[in-house]
Ligand SMILES: Nc1ncnc2c1ncn2[C@@H]1O[C@H](COP(=O)(O)OP(=O)(O)OP(=O)(O)O)[C@@H](O)[C@H]1O
Ligand SMILES: [Mg+2]
């Protein structure tokens, strides 16, 4: 039979009559939880940003035709020396087109796969930007712009003009920012593009593309797939790359292996391409959690100390309570309640502080050339971090309160009363 | 009814083991009947307080047996003893013991709230009644740390009365009071004994006080020498 209202009221009186100590203990929790939330929100925000930076624009599986020597040389087909020792000197890469063989059926099959969010074609062509007598080397990539926007956030990197104009305007080009700057060109101007075989085409600049990586921005431009096929004088099925985005990134490795086996193509999955990046994310997460948990444990020790002190100060009260009919368990609950109240109040303010400072960070200007779409520091407002924070606050205050409270439970009132 | 035994001590022995083995209480045997007003007298250090702590169930480290209303208390779990204490025994300490951060009224109300048999309004009403009985109702809303020693003692007596216990034990409850208030407490005790059939066991050094009680138990060196 525990009368909670009276236990609560005694706890409240104890806490309020020592408002300074209570405040300091609660502040420890506030500090721990607040820092945890700020740190986790900011770090995961940053992780999310970097993920977005790399994962969003990197295809999960990239399919292309690599120029490489044949694995099976002609002599290997010659039955009579099957068991002989063969040496082939000066092996040259096999001559193939850079185009993917049977690209359209391959794409259709991929797009029919329920695991695939989208598989879209690209055509990479080497060109020259002609400006008067100067010729600048560059790449022109033919894309399906609407799909690029849908799957790879292409629109984020078009800093001027409108990406959808590519689809509408037959001779449009999205110039790389660096290349455009070199030739003093801007949206609305016309740029002359010459192919390797020497044909020159005038293209109208409908937008400026900026990835943030200057070695790309200085040479690369985009046009619609059809336009590039026309410039190269190739047919509708001439495609050099297929970029695949999956619903579940974890399936990329399996898909890449399957494609390589099934079709005569090179398929690179994102995990292989960005192995070091994953490691970075994992280490950042590890540091975040290690620091936060340390902070919360320190806050827990603060509570432990203060409750311990409180119990020494409250020896008399404990003896009186026990003498007037309160059981050891009641006394234990009284001190546990105090610990949990400190945790609750401290945790509540910790959430407020954490959220408040997260909002401030979220509004701090953070502009960098590399990230044209980012204007402020990234913050992740995931509610689960707030829940984790409060749960940890309650658990740590419970543990910090439990030991002193057990001591209070065991105190012998006679000893205290006689000690006077 | 009046002859019923409320408290019985059988062969109670108590030792202190530190700093040296010390036999404080030696073969204590006595009974207290319903509605009896008993005082304990004896020299300082003869073991009166020690005996009272055992009788009040707070101290369980003794040999012998203790009965309250025929119910054997010896060997019971301390959670159970706490319940019995809150319901049947009122205790007034040798030194006034109040919770200093609570008001006088709250101090008196706490044991009743813990017992939880009455509504809050009833408890508050009863607490005020007890305070009036001891003439300190005008201090009811002061903090317990802000009243005088004698006032504290009376608050402690009011607190001992709040749950209408079967027996009140007091360790020199009038020790800090002037003769007028000591007289008043004596009167209150006598009324309680007569009106409510309450039993009282009071340790005192005051011979005047003791002679007004029904019976005096005299102690010396841990023995009861006269009942
Ligand atoms: N915790 C203890 N450890 C050892 N000896 C103790 C302890 N408490 C009390 N004593 C001894 O037990 C004896 C009885 O003490 P007690 O407090 O019961 O005396 P008392 O009769 O109440 O005295 P007073 O009238 O002064 O209050 C004393 O001689 C005291 O020295
Ligand atoms: Mg004494």
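Even glycines carry a Cβ here, placed using N, Cα and C.
Bear in mind that TrEMBL entries carry predicted annotations, made automatically and left uncurated.
Listed in TrEMBL:
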DOMAIN    A:22-261  domain 'MacB-like periplasmic core'
TRANSMEM  A:24-50  transmembrane segment
TRANSMEM  A:286-312  transmembrane segment
DOMAIN    A:290-413  domain 'ABC3 transporter permease C-terminal'
TRANSMEM  A:333-357  transmembrane segment
TRANSMEM  A:383-403  transmembrane segment
Sequence-remote contacts (6 or more beyond its ends) of the transmembrane segment (A:383-403), Cβ cut-off under 8 Å?
29, 32-33, 36-37, 40-41, 44, 293, 296-297, 299-304, 307, 335-336, 338-340, 342-344, 346-347, 350-351, 354-355
Over the domain 'MacB-like periplasmic core' (A:22-261), what is the model's mean pLDDT?
85
Surrounding residues of the transmembrane segment (A:333-357) on its own chain - C-beta under 8 Å, 6+ positions past either end:
2, 4, 7-8, 10-12, 14-15, 22, 25-38, 41, 299, 303, 306-307, 310-311, 321, 381, 386, 389-390, 393-394, 396-398, 400-402, 404-405, 408
Residues in the domain 'ABC3 transporter permease C-terminal' (A:290-413) grouped by DSSP into helix, strand and remaining coil:
98 helix, 4 strand, 22 coil
